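Peer 1: Would you mind keeping the following structure in view while I ask a few things?
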Amino acid sequence: MSNRQGPEGNELLPFTVQFLRGRLFQLFASFLIMAGAGATYLFGTYSSEIKTTLGYGQTTINLLGFSKDLGGNIGVLSGLVAEVTPTWFVLLLGAALNFGGYFMIWLAVTEKIPKPKVWQMCMYIIIGANSQNFANTGALVVSVKNFPESRGSLIGLLKGYAGLSGAIVTQIYLAVYGNDSKSLILLIGWLPAAISIVFVCTIRPLRPVKHPNEGRVFHHFLLISIVLAVFLMAITLTEKIITFSKAAYAGVTTVACVLLFAPLFIAIREELLVWKLKKQPIIPPTKTTIITPNGKVDKSKQEAIFDDKSCFLTLCDKPKRGEDYTILQALTSIYMCILFFATFCGLGSSLTAVDNLGQIGESLGYPNKTVTSSVSLISIWNFLGRVFSGFVSEILIVKYKLPRPLMMAIVLLISCCGYLLVVFPAPGTLYVASIIIVFSFGAQLPLIFAIISELFGLKFFSTLFNCGQMASPLGSYILKVKLTGPLYDGEAMKDLTAKGLTRSQVKELTCIGPRCYRLPFIILTSVAFIGALSSLVLVARTRKFYRSDIYKKFKENTESFYFNYKKSTHHFM
């Protein structure tokens, strides 16, 4: 049998079982789950439908936007649930929340139920948006534990697929439902839930096995994701020029799905390599984590998760950076406080800007088609920001030993440039501003998650990364609901007064002119700059830690294959 062939007939079933239970298939399943778990990024698309149908003002829409951010970022519940229940339960609970929340919103928008009160709509959005935390916890956290030495690139890819989900789901709904924006809400209710249910038994923690060239595999995944992003961007722009038939939308969606499933073939190729290498003698691991047959850590032989002594009596006796902190040790650490403040400033300002991009274009007098095009590309720039920060920060750590918080500071400074383009607008600057703002927004999340996992360990990562991102809705509430919304409505009321109208005479408040967002974005620029400075403080405090081999303990605890990689891979390429 040629070396280029895969397993023989009698080996096909064992190979299939190994593949379906392996890390690479688990990662592929995580890509699909994350690709359907970004419904919160479509709020700018369907918020106008809510605003028109239910007759809300901009302040109310901003309140709903805050509710979306609150639900999407308050993930402590999902983290705590993941600490004490199997991953399949986390995914199933997330699927139930996703469908329940968005289905109620769809019923309200289609007027199949009486008009809900504002607080009820807020609750529906919180429930639906909170489901993405269960997807994150189930897919992202497990993947990081399965690939600990590539966490930066991995988090960038997973969050990148979540960033692309808006564009992917949009193409699917155009192919299935046609140009009915209300049906988009229904689709983001049932589709992510269905994906989680399909892979509910696939996502589970596995003992890391050292791949001969893990970085190369992730670069192949990156290449495919970039091709998918470029394709979606081209289609999104073409749709603004050419009217597609339903058959054309079906063809476009088919191509997008093929690209979405392309990582599966890479996973099969690499698993074939591992299959052959497993037949060679291996050096046993120097240390083995106790794992039960279903892939779960044997907690009966590990430290109790909520051990009173570890939580309360060791608060002043914190471990070294990079070791496993308890939840309270991490939350009371000065490093977490600094990162929390930087997240408050960075993501708080970014969420405020992203959710108002449509209204910014309207206030600056851009044609509605132009505004729609810019908003529709949010998913693409969001994706590029995420994969860029994940892969680049990983290179800076591995090759140059530069602290990952340095990348965070750079990203926040870049975001300031986007805000200033709104403060001082010129013809065409909306395009540049939207790219910078969304790119920097996307770049922040992978950095925050990776920094938490590096400084405080992976043992309680499920809870800690969800705690860390709680700063985001707090910043969003203050900067968007309490600041930007009232300032915008105040300027809109001035326009009404100048026209001799009152608030009761118009259905919604609209402000036209550069002044509408000038003061809010001056404040956002200042807040983001302060966040960058706080990130630099974290850089100074963690510089020595990042100069060391931060992945050393994972290399020691990983089962490794020793062989000539180039010779082995030659037969599979």
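Including glycine, each Cβ sits where the backbone N, Cα and C put it.
In TrEMBL, annotation is done automatically, which means it is predicted and not curated.
Found this in TrEMBL, in case it helps:
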- 25-268: domain 'Nodulin-like' (DOMAIN)
- 331-546: domain 'NFD4 C-terminal' (DOMAIN)
- 24-44: transmembrane segment (TRANSMEM)
- 88-109: transmembrane segment (TRANSMEM)
- 160-178: transmembrane segment (TRANSMEM)
- 184-205: transmembrane segment (TRANSMEM)
- 217-235: transmembrane segment (TRANSMEM)
- 247-268: transmembrane segment (TRANSMEM)
- 327-354: transmembrane segment (TRANSMEM)
- 405-424: transmembrane segment (TRANSMEM)
- 430-453: transmembrane segment (TRANSMEM)
- 519-540: transmembrane segment (TRANSMEM)
Peer 1: Please give the average pLDDT for the domain 'NFD4 C-terminal' (331-546) in this predicted model.
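Peer 2: A mean pLDDT of 89 is what the predicted model shows over the domain 'NFD4 C-terminal' (331-546).
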Peer 1: Checking distant contacts: for the transmembrane segment (247-268), what same-chain residues at least six beyond its ends satisfy Cβ-Cβ under 8 A?
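Peer 2: The answer is 19, 22, 24-25, 27-28, 31-32, 35, 168, 171-172, 174-175, 178, 217, 220-221, 224, 227-228, 231-232, 235.
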Peer 1: At a C-beta cut-off of under 8 Å, are there same-chain residues at least 6 beyond the transmembrane segment (217-235) that contact it? List them, or none.
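Peer 2: Beyond its ends, the transmembrane segment (217-235) has Cβ neighbours at 24, 31, 150, 153-154, 157, 160-161, 164, 167-168, 171, 211, 252, 255-256, 259-260, 262-263, 266, 270, 377, 379-380, 383-384, 387, 391.
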Peer 1: Going along the chain, which residues at least six beyond the ends of the transmembrane segment (430-453) come within the CB cut-off of under 8 Å?
Peer 2: 140, 144, 151-152, 155-156, 159-160, 163, 330, 336, 339, 343, 346-347, 350-351, 353-354, 357, 360-361, 364, 366, 370-371, 374-375, 377-378, 381-386, 388-390, 393, 404-405, 407-408, 411-412, 414-415, 417-419, 421-422, 461, 464-465, 468-469, 538
Peer 1: Among 88-109, 160-178, 327-354, 405-424, 519-540, point out the range having the most Cβ pairs under 8 angstroms from the transmembrane segment (24-44).
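Peer 2: Maximum Cβ contact count belongs to 160-178.
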Peer 1: Restricting to CB pairs under 8 Å, which listed stretch, 184-205, 327-354, 405-424, is in contact most with the transmembrane segment (160-178)?
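Peer 2: Comparing 184-205, 327-354, 405-424 against the transmembrane segment (160-178), the winner is 184-205.
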Peer 1: The transmembrane segment (88-109): which same-chain residues, six or more beyond its ends, come within Cβ distance under 8 Å?
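Peer 2: Result: 33, 39, 46, 49-50, 53-54, 71, 78, 81-82, 115-116, 121, 124-135, 137-139, 182, 185-186, 188-190, 192-194, 196-197, 199-201, 203-204.
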